[in-house]
């Protein structure tokens, strides 16, 4: 009993650590990128993401070479497919931000939670309790109140937003699915996908950025300050990428989306504290509603876990077909051994 309680405490500490790492590193990247954009006019967002994955891939290679992490087999076609979806997500988000108003861009980001819920129901037959659904609605309303302003829509921007939302949702669901399917850790999976994403983004990124901004990467004049913030952004990206895979592997894509809105609240607050951004009563009320929704979501998920633990029917359904087959074979084998011993 004591061992069980101790392992449960360690699990809670690990979960909190993964959440905290993701929030701190994500907010840190946003602040570093904001410095690059405003003070150093570095407008190459897609290429910068390629730098992020290049550094992450390098860290993964060093980790595998020194034996700090093990390399497990994942089929190459699955890694390529995942990387294509992830790159579509990054490019789609950048195009959506350029072609739509900020208000519609925020609405498209808010739509990811219901889209993830529907996709998990279609792909994995996952269902959510009424309390979880209600808490998600509260979070979406709160973040919508404090972020959505002007809303202007056009056909091209709408298509880009749809591609971005669908690919991002599919990517986040796939992270958890691949980890479970191949029994691979978050860092091991990231170290396999990062090199493919880095190569493709570093090749295609400059062209995408030129289309978005009209600026050529080769014409950019690097200063010591710009190099410092690029390196800082890349370093934080390693922690951000690792913690993203950790969070989705431990929890779910929906929980990760709720966490993402917590980062939005942090960014708004830090923008007000560090960059003198305007913070109206509407922003404050929206943030309070969003935080209340996140608290309700945490409670709803905990209630769902306890209900599933107490319900024997839920425990039975939690076994996969493969696990049931192995269990059946084990029972049959045991019956044969008992029969032979009696003979």
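Numbers here mean position along the shown chain, with the first residue as 1.
Every residue gets a Cβ built from N, Cα and C, even glycine.
Note: TrEMBL annotation is automatic and uncurated.
The model shown is predicted, which means the values in this text are computed figures rather than measured ones.
Features as listed in TrEMBL:
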DOMAIN    26-298  domain 'Sugar phosphate transporter'
TRANSMEM  44-64  transmembrane segment
TRANSMEM  76-97  transmembrane segment
TRANSMEM  134-151  transmembrane segment
TRANSMEM  224-242  transmembrane segment
TRANSMEM  254-275  transmembrane segment
TRANSMEM  281-300  transmembrane segment
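In this chain, the transmembrane segment (224-242) touches the transmembrane segment (44-64); three or more CB pairs sit within less than 8 A of each other, excluding pairs fewer than 6 residues apart.
Computed over the domain 'Sugar phosphate transporter' (26-298), the whole-number mean pLDDT of the model equals 80.
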